[in-house]
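So that you can see what the record holds, here are the features copied from Swiss-Prot:
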type	residues	note
ACT_SITE	431	active site, nucleophile
ACT_SITE	484	active site, proton donor
């Protein structure tokens, strides 16, 4: 190639760099072989002079072809072992040359697995990584944007000018650039120029930390600095079957549990202050608690209540508080509202130290249209479908992932592995599964597209969920994967190997709606709706169900749980206690939303906090004590949880006394053969001498009574227990003559020791009677 041609080529490359239109800067920058040896070219926009520093020598670089492309010739290849001294705007500094580092970061196998959708640790390649190259510290940036014309790094390091740090395009639509000297905490974004010339500034899809809203830049964060202390917890978790354990979950939203005063400083773990994060404009003077403050206050509270797990509404980064976290933009980062990723790790570590598992809400069903997020990422519908009939939730104003694209599926599946591996979470609850499974979800006729078979099922979403759950349990066998699925889609909790979706628990939405419909009725009318409280048993063994009274039931005009109840205040409290006790004794794992544990009155408000002052009133304190005791009873009695998903674990005694709105049943445990008798009266009318058949004669201790004075009840009961009579009822030869308090639930346990004493006393009495007869 002639000199004029080379000159013309260099001028064109310089202009492409200056206009952010170059996709292969390594083709001309860095050390390049030349006729005279090696030509080193550096790209320094708006620099006045550049000097090469190498091997103790200095060489002033010239710009013969473009004013910002500086070069000099050496007799040898300097590799990456050189620096440049740059004078720009009267300021001089020295730096390593980003384009001296030519080796690819993403290897062939990485690209292959990613293109297949099977790279379970793709986050170890994608994103911004603090690393060393050739012994030099810096940050390696890696991005997937296959349709972009060019991609640049923006940040404080270049005054947010995309001309300074163009990235190199590799195979498979991958873009890379190593920036030496860049440190942890640096802000950055990607500037993506599309094929039609538009320019977008995007946060890193794989960013490990982001700014506090309303700012939305990504933050360079370290992944490997935290020292965990939960090894024994993790070992126990992964070697046990969670379905055979008691699971009682406290669902909560970190930002509205309780607030601190904005006057109270936010102290970081190193003791330095940090600017507080305001709770909301509508609550001036309040700030959000930090992860550290939540660990100090929330964890002891949850432990005292006796819950086994905390479920966090989405803590992935999101721009809008009002979305409750369900419109995610930062999939690989805990929200910075409450602190740093390591501070969230410390929160989880503390939970495990106190015996509490951590479940997070995971939202793979949709994402928002925010300009800095995934939408139209590289100038094409990269993460979403282009056709709005399958790519948009119009009612929610969000976009739907394109599950048929391998790299998109990989982004989500690896994200699941990331949260379990990096943050030691114990489970996920997958939000809005029904919206993923059906193409016509919330869509009128004509606004949805049938699948390849002409049906409404989203086969790509089904395959994605199966893959996600398969990979999850492959890596973390003791994990929880909970589906919020509101339809009758079959085999949600069956293994993927036999065609199931692969979850191990499913929220029982039918139970929830039936219970709330029933308890909202005036008690007199409940006799006509007995089916509401008994129907769930007919299908409870078709899936592994979790009973949930969730956040969705205490917003948007639905009232909080206490205020759903009919009657005067006394009846509202009693109904609430009875419902919670029925939930804890019914087959299935348990979840309640924050505030229900003490009878919150007001609807949940994401910008407020809970009505903690209500605990100054005895009835509310009574509900809290009831929940404490329910959790204690639940964990102490394997009959209430061991056989949740085996029909042996439940047996009706009587479900047909609709006239009195009374039900009775047994919870049984197969390995020990123990059982509990549960009797519930769902009217304000108490009953004396109410007969309940039992399978074995003897003494039955009353171990729980929702009407106890301790809980704010009328303190009716059975004096601690009752012996059986030889009175046949409900198919049993023996029965209990019980007092049923109003709006109550009672639990009885057969006491072998006292039964033996009672039997002995009965035998003596019988012998005395026979002696008296002979006289």
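From the backbone N, Cα and C atoms, a Cβ is placed for every residue, glycine too.
Within 10 Å of the C-beta atom of residue 484 (active site, proton donor) sit 21 other C-beta atoms, taking all shown protein chains into account. According to its DSSP assignment, residue 431 (active site, nucleophile) is coil. Cβ contacts within 10 Å of residue 431 (active site, nucleophile), excluding its own Cβ and spanning all protein chains shown: 21.
Spacing of the residue listed as 'active site, proton donor' relative to the residue listed as 'active site, nucleophile' is 5 Å (Cα to Cα, whole number).
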